[in-house]
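Visitor: From Swiss-Prot, here are the annotated features:
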- LYS10, THR169, ASP170, THR211, GLY212, GLY213, MET214, GLY215, THR216, LYS217: ATP binding site (BINDING)
- SER50, ASP137, ASN149: substrate binding site (BINDING)
- 275-353: domain 'PUA' (DOMAIN)
Amino acid sequence: MSDSQTLVVKLGTSVLTGGSRRLNRAHIVELVRQCAQLHAAGHRIVIVTSGAIAAGREHLGYPELPATIASKQLLAAVGQSRLIQLWEQLFSIYGIHIGQMLLTRADMEDRERFLNARDTLRALLDNNIVPVINENDAVATAEIKVGDNDNLSALAAILAGADKLLLLTDQQGLFTADPRTNPQAELIKDVYGIDDALRAIAGDSVSGLGTGGMGTKLQAADVACRAGIDTIIAAGSKPGVIGDVMAGISAGTRFHAQASPLENRKRWIFGAPPAGEITVDEGATSAILERGSSLLPKGIKSVTGNFSRGEVIRIRNQEGRDIAHGVTRYNSDALRRIAGHHSQQIDAILGYEYGPVAVHRDDMITR
């Protein structure tokens, strides 16, 4: 075993249930055994767990509920305590303490809360405690609608300063086509950069209990790799998969980390869920992507959502493609008023100004 490393393991609902309606406790026991073995060898382990909704449904006897957000939140509220109790019981067999962290998008959108979450997570690791992380499903409406503990695990990996992120799923990895419908599909073993062609071949999970698919796993891999974290998508059912990944043995699809990872502040910008979005014209698109320029108000065509100065927003071209994320220097109302105008007109329009740019290039990450 090499020197101590930090590994974030994301366990999807399909892995925890084996594709059934209830938690597969025997399989979870085996996953905990693998994690405990690495922990005993001096490695730092972080668990990002799905399954709260599935656990709640099982505990309540599979009630027939309307397909609403409130129903999912009800199940999550019941299931979260059952889920964390299970993790605690299983890790205690090996004398390992766990610490629960429930996060929401707001914890990532706000820089101060992001740093507080980072400090808490690293304090747990420094004291040999295994953090068990989940999205706060009972209150995080946006997470359940869009859903994805995949992206949450990438953010957890950034918070933890992880060396590797392992996304365990019900598939062997990323294939050249959907292996369920195309027998010619081949496993892609190594990925050195995520592009539109790769996104186009990503299929969705068939599990009806979870909320993520292969598309969200690609998003998570993109975020983690750009932060300097190797990411692996592999089958949770593969014997010894967690130990194999830590030992560098080939398993599933490996997304290789960028050689020059983003600095800490830009990791936050890249990982934070956008509070809104703006659409920019062709000139602004070229300036941002080709010359690394700041975004001026003149290039803004439209503003979507309500957000405050200092929040992370998405920047899109007129075809609707994401080109960057950045910290806005003006709130959404102000941007709507100065959109399409020259920077010299900002003070006359608003009665104040925070500088000539809408998003500075130092506060921007291109996609």
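Just so it is clear, glycine is given a Cβ too, placed from its N, Cα and C backbone atoms.
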Visitor: DSSP-wise, what's the residue breakdown of the domain 'PUA' (275-353) into helix, strand and coil?
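Guide: Counting residues by DSSP class gives 28 helix, 21 strand, 30 coil.
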Visitor: Cα distance, LYS10 (ATP binding site) to ASN149 (substrate binding site), nearest Å?
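Guide: Cα-Cα distance, ASN149 (substrate binding site) to LYS10 (ATP binding site): 8 Å.
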Visitor: Let's check the environment of MET214 (ATP binding site): how many other CB atoms sit within 10 Å of its CB?
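Guide: Taking every protein chain into account, the count is 23.
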Visitor: Enter the number of other CB atoms within 10 angstroms of the CB of SER50 (substrate binding site).
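Guide: Within a 10 Å radius of the Cβ of SER50 (substrate binding site) lie 30 other Cβ atoms.
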Visitor: Restricting to the binding-site residues LYS10, ASP170, MET214, THR216, which ones have a CA within 10 Å of the CA of SER50 (substrate binding site)?
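Guide: Matched binding-site residues: LYS10, sequence order.
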Visitor: Fewest other Cβ atoms within 10 Å: which of the binding-site residues LYS10, ASN149, ASP170, THR216 wins that one? Let me know.
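Guide: Counting other Cβ atoms within 10 Å of each of the binding-site residues LYS10, ASN149, ASP170, THR216, the minimum falls on ASP170.
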Visitor: Helix, strand or coil at MET214 (ATP binding site), per DSSP?
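Guide: Note: MET214 (ATP binding site) is helical by DSSP.
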